[in-house]
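Heads up, the thing below is written out as structure tokens.
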Amino acid sequence: MTFFSIEFALIFIMFFVTYWIFYKNYKIQNYIILFFNYMLIFSFSPYFTLIVLLHTCFISYFGLFIAYRENKNALFSGLFVTILFLCFFKYYDFIHSDFKTLLFLLKFDFLAKNLDIALPIGISFYTFSSITYLVGIYKKEQEVAEFIPLACYLSFFATLLAGPIAKSNFMIPQFCKARKFENIDLIITLVILGITKKALIANYLNIQVSAVFSDPHSFNALEIITAVYLYGAWLYCDFSGYVDIVTAMALSIGFYLPINFNMPHIAVNLKDFWKRWHISLSNFIKENIYIPLGGNKNGFLETQINLIIAFALSGIWHGVGINFLIWGLLHGFGIMFLNILQKAKINISEKLPLFSMCITYTFVSITWIFFDRNDFDEAFNILNLMFNNENKIMLNDVILFVALCILFLIYPFLKNLKDVISGFLRATPTILKPFVLAIFFVFIFAIMPDGIPDFIYSSF
């Protein structure tokens, strides 16, 4: 059951109405949220529901254990088992074929035949939430939570599938107080933006990019270059569209989520990009990997090593393939190169901001090739065909590329679009707002392509 299914829409409406009937009692609302969370997980698999419940019990116990012991050994024990739990499921496919072979050799055929295990939905994101909770207790930034608020937080439908990664000391207090239904104009604005980005723009971009990436030999160099540039736009619209939608759903029941995107494609360098792209993941890596490694406190060289390690782990988190590691390392070495330039007092982004923005977007777009392609040779094949290609470039290809460049230049001026839409809705009489939303839905679903692919980050 996806967020774009009729079934989900109907169930969410029933949940929403039931939830607000008990607006005077937030504890009853928490039970309703928890039931809805687990019902959503159950729709994917009963097995996933059991895993989330067991994981929550484990985190609840270790939270108490860390608070009682107040030492690093308790924290490390909790983190070790939590991360081991994630790694087992996330990288199981990578090792299980060899493991099955070993079991057959050892004559444990009955075990080998039942070793296929599906990746539990949302496991990366509720594991990261668990880590922020355990670390928060150790640092005394987070009190030990009661079981129900903790269970609601770890399984929260708005953050479970693809984030954003909300820190425990930001989210759990929201489960421990009364909520208000407000910000209706912002909710409608986020729904409009999210569905436009995901159902319309990302869908069309996906068709274009997938066609080129799946068979690059059938396209000329300019078509491939255009597809490479469009990939980042597609991923942004897909992921930020998802975040807009879940943020709107969370707001509709009185919860606030952290900001996850801030116009990433106007970034003038890679550091700026990572302050704008998947902000919650960037902050998580900084606080839980980069800084514990030493951050920038131990000299220039060690800072760069810590940086490379953090980005390498970020790549591996996305997947076990060498392509994800290369993607992470490219960003790590890119920021290291930027640090070297800054140490030499060479700051191109301040002197030539538009040029820097174009270079940054180009670099990020090229790295996405490795992010997308599971096969190392496929990625280099696309890179090679961008420059060594005998297919003839047509006038339409030039027009499309020029249009893309123009849109890239217009993009920075869209930063206030959310405020413009919210302002329009504030000026619209309340009784007419449902009609505005209905007209929008009819228009979008009339012109969008058939079918809506899953949100790409739900696979991580």
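Placed from the backbone N, Cα and C atoms, the Cβ positions cover glycine too.
Long-range neighbours of the transmembrane segment (6-23) within the same chain, counting only residues 6 or more positions beyond its ends whose Cβ lies under 8 Å from a Cβ of the stretch, are 29, 32-33, 36, 39-40, 178-179, 181, 249, 252-253. As annotated by TrEMBL, transmembrane segment applies to 6-23 (among others).
The transmembrane segment annotation in TrEMBL covers 35-68 (among others). Outside the transmembrane segment (35-68), and at least 6 residues removed from its termini, the chain residues within Cβ reach (under 8 Å) are 1, 8, 11, 15, 74-75, 77-78, 81-82, 85, 118, 120-123, 126-127, 130, 133-134, 137-138, 144-145, 147, 150-152, 154-157, 160.
Among the features that TrEMBL reports, transmembrane segment is placed at 74-94 (among others). For the transmembrane segment (74-94), the list of distant contacts is 55, 58-59, 62-63, 65-66, 68, 117, 119-120, 123-124, 127, 130-131, 134-135, 138, 320: same-chain residues at least six beyond its ends, Cβ to Cβ under 8 Å.
The transmembrane segment annotation in TrEMBL covers 115-135 (among others).
Annotation source TrEMBL lists transmembrane segment at 147-166 (among others).
Annotated transmembrane segment per TrEMBL: 186-205 (among others), in sequence order.
According to TrEMBL, the transmembrane segment annotation covers 217-235 (among others). Counting only same-chain residues 6+ beyond the ends of the transmembrane segment (217-235), those with a CB under 8 A from a CB of the stretch are 201-202, 205-206, 208-209, 211, 265, 361-362, 364-366, 368-369, 372, 382, 385-387, 389, 391-394, 397-398, 400-401, 404, 408, 456.
Long-range Cβ contacts of the transmembrane segment (242-259) within its own chain (Cβ-Cβ under 8 Å, at least 6 residues beyond either end) map to 3, 12, 16, 19-20, 29, 33, 156-159, 161-167, 170-171, 174, 179-183, 186-188, 190-191, 193-195, 197-198, 279-280, 455, 457-458. TrEMBL lists 242-259 (among others) with the feature transmembrane segment.
What TrEMBL records for 307-340 (among others) is transmembrane segment.
Residues or ranges marked as transmembrane segment by TrEMBL: 352-371 (among others).
Under the heading transmembrane segment, TrEMBL lists 393-414 (among others).
Annotation comment: TrEMBL describes 435-452 (among others) as transmembrane segment. Counting residues 6+ beyond its ends, the transmembrane segment (435-452) has Cβ neighbours under 8 Å at 2, 4, 188, 191-192, 195-196, 198-200, 203-204, 207, 425, 428 in the same chain.
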